[in-house]
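Listed in Swiss-Prot:
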{"type": "BINDING", "residues": "GLU12, ASP106", "note": "Mg(2+) binding site"}
{"type": "DOMAIN", "residues": "6-137", "note": "domain 'Toprim'"}
{"type": "DOMAIN", "residues": "156-601", "note": "domain 'Topo IA-type catalytic'"}
{"type": "REGION", "residues": "189-194", "note": "region 'Interaction with DNA'"}
{"type": "SITE", "residues": "HIS36", "note": "site 'Interaction with DNA'"}
{"type": "SITE", "residues": "ARG166", "note": "site 'Interaction with DNA'"}
{"type": "SITE", "residues": "ARG167", "note": "site 'Interaction with DNA'"}
{"type": "SITE", "residues": "ASP170", "note": "site 'Interaction with DNA'"}
{"type": "SITE", "residues": "ARG336", "note": "site 'Interaction with DNA'"}
{"type": "SITE", "residues": "ARG532", "note": "site 'Interaction with DNA'"}
Amino acid sequence: MTNHSSKILVIESPNKVKTIKKYLTDDYEIVATVGHIRDLPKYTLGFNTEDFVPKWEIIQEKKPAKGVSATKKAKTVKKAVKNKKEIIDELVDKAKKADEIYLATDPDREGEAISWHVYDVLKEKGVNVNKCKRIIFNEISEKAVKNAIANPREIQKDWVSSQITRRRLDRLIGFKLSSLMKSKINADSAGRVQSIALKFITEREELINKFVPRFWWTLDVILKDGTELMLRKIDEKLKDKLGFKELEEVSGIDFNTKEDAELVKQHLSDKYRVYAIDTPKLKSSYPKEVYKTSTLQQDAINKLKWRSMKITSVAQELYEGVTIDDEQIALISYPRTDSTRLSPEYGKTVLDFVAKTYGKDYVATQSQLNGETKANKKQKAKVQDAHEAIHPIDISITPDSVKNKISSDQYSLYKLIWTRTVAHYMAAAVYELVNIRFINNNNKFYAVNNTLKFDGYKKIYTHYDDKDHLRKLDLNHFAIDKEFEAKDVLLNEHQTKPPARFTQATLIEALETEGIGRPSTYSTILDIVLKRNYAELVNGRYYKTTDLGQKLAFELDKNFPTIINKEFTKNMETTLDEIAQGTVNDVSYLQAFWNDFSEVLNEAKTNIVKKVEYIEGKNCPNCSSQLVRREGRYGPFVGCSNFPKCKFIEKSEQKAKEIVYEEGVKCELCHAKLIRRVAKKKGRNKDNTFLGCSNFPKCKYTKSLEPEKDETIRDSTII
């Protein structure tokens, strides 16, 4: 009888097990850690500020929240995965019997740290860790998995050190600032990155409040044939005669007063003569780079109208694997990356697909693929580039081929990624521009003919691309010295717009541009400022700071200007990269930071004065102390000034409501549960109900109920 060796493959997500298993032989067993297995203690710093040695703890299972119904508790327990202790016990038991242990956690620094934690725990439990091998793959395909197993490596200790340094820095700043701000202004948290995001939102709000619009006028002509003319140059004699003092000539002329524009209008005749037709110029429009995490987030927010957390969730599903024709298949590569790089081998596969599907004329040139803009070069200096851009694993699996085999959300996001990837390897679109120049009493105008000569990548990307501003004129209609009559001469008023509030897409763009945050943290950053009531979404889209957010941003900016700023965060990311490369010592860096930070922290404890707003004539019914206004996570409230000795809170007039969660449906914007609500105005439902997002008022998604629909209630609890 032949003894077969046994092997263990350790991954993070249990959702990957079925997808990976089909590429392995029967002697492999897959064990999922379900994310991190150890972390710093939840309620203490977790290390001293002398040697910074972390005190790791096994992550404890979360307890059900207070007020959750017995039914919901039972369902929670029934659906719960194994706790971390059970996972570790199972892993240790299997590892002791295994001949080889492959640590296949995610291919980034956090994944490297999880592998190290597994390695360290196994070592503590007496497992022979010489059996451990670190492997990585950026996509779950047969080729990638088998290639990774064939090329194992050691755990990158410097990567682990960099990740643990980030964790300790965030703990230092988060714990110390959060404790201070909680005691002074009742703000729940003040993390390093979330505070920068809040600073961006607050500064933008200040610019909006200070904004003073500037007005200007343009003189626009519409000929009887519908051709639109733009004023390009005013007769010099007329300009001198009328005494224009402020004129700005760009592509056209802007008048600073309506009176100036009116004076020029009065000196125009009805006839506009063509005096020149320019030689046609060709202009190319190139496809954008393949997606990285930030650009996928921005595009899906803008084009699919999704929230950031939903994008992260659906992308993870496509990466871990979906069931298609009874087979588990991963559709995209690792979705957390700051790289736009793809391998030449993969690129050739896509180029061949383009040639076969659309024709050789649609294949991108090599010079086009090798080209880099100045912006790209500047941005790449901030990129870790640990793995490739987000792309379909098999480009031949078209969106249409899986449309009816995966969920509508999965299809929408896969189509977005697939289209962007294929478009990148397609030829540029080519436009032809011709300027037709007119003259009227020595005042010069022009019209533009802008037509698409070759669609190139727009053949597949038009649905997602910004609309082309094409102006198609019949060039045969125009000839030198031919005159045209005006239908209308319009004086149009314009005004500058205030800076736009951040959306989730533009906030991600701003954070990335400044080198703040990582691909794995964008959605969390955007979500936490809403959850903490530091900002709200206006019209479900635009970030606006709340009163609490403004107070927090003000105190942080006033007392921690050297910490809560983009330069510190950028420099910190650079140092973390250097630690990952082994050129900077982590403890020395942490010690230097703590020496400076602790000094500023002590000053802030003295400088920040806790403001209390007493309510005249109102006393606590329990202890007779005066009532005060306070700011909480869910907004302002009235409570006892003798807190925490007395915990009286004045109840609002709103009565407790029963929350009924709808079975089997989620919010299309943020993926939260939907709740049955009662409309104020009568609709066609007899009981006047509709579905609304449980994340209201942060998310205002609603969905109507059919009159005859009687859905099963999932959960019911009183709040």
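Using N, Cα and C of the backbone, Cβ positions are placed for all residues, glycine too.
The model shown is predicted, which means the values in this text are computed figures rather than measured ones.
Neighbour counts were taken at the CB atom with a 10 A radius for the recorded sites ARG167, ARG336, ARG532; the maximum falls on ARG336. Comparing C-alpha positions, HIS36 (site 'Interaction with DNA') sits nearest to GLU12 among the recorded positions GLU12, ARG166, ARG532.
Put simply, ARG532 (site 'Interaction with DNA') is 17 Å from ASP170 (site 'Interaction with DNA') when counted between their Cα atoms.
Put simply, GLU12 (Mg(2+) binding site) is 14 Å from ARG336 (site 'Interaction with DNA') when counted between their Cα atoms. The secondary structure of ARG532 (site 'Interaction with DNA'), as reduced to three states from DSSP, is coil rather than helix or strand. Around the Cβ of ASP106 (Mg(2+) binding site), the same chain contributes GLU12, ILE114, ILE136, TYR334, ARG336, each under 8 angstroms and 6 or more positions distant in sequence. Residue with the densest Cβ environment among the recorded sites HIS36, ARG166: ARG166, by other Cβ atoms within 10 Å. If you take the Cα of ARG166 (site 'Interaction with DNA') and the Cα of ARG532 (site 'Interaction with DNA'), they are about 22 angstrom apart, rounded to a whole number. It is 21 Å from the Cα atom of ARG532 (site 'Interaction with DNA') to that of ARG167 (site 'Interaction with DNA'). Burial estimate for the recorded positions (GLU12, ASP170): highest at GLU12, by number of other CB atoms within 10 Å.
Confidence in the region 'Interaction with DNA' (189-194), given as mean pLDDT, stands at 89.
In the three-state DSSP reading, HIS36 (site 'Interaction with DNA') counts as coil.
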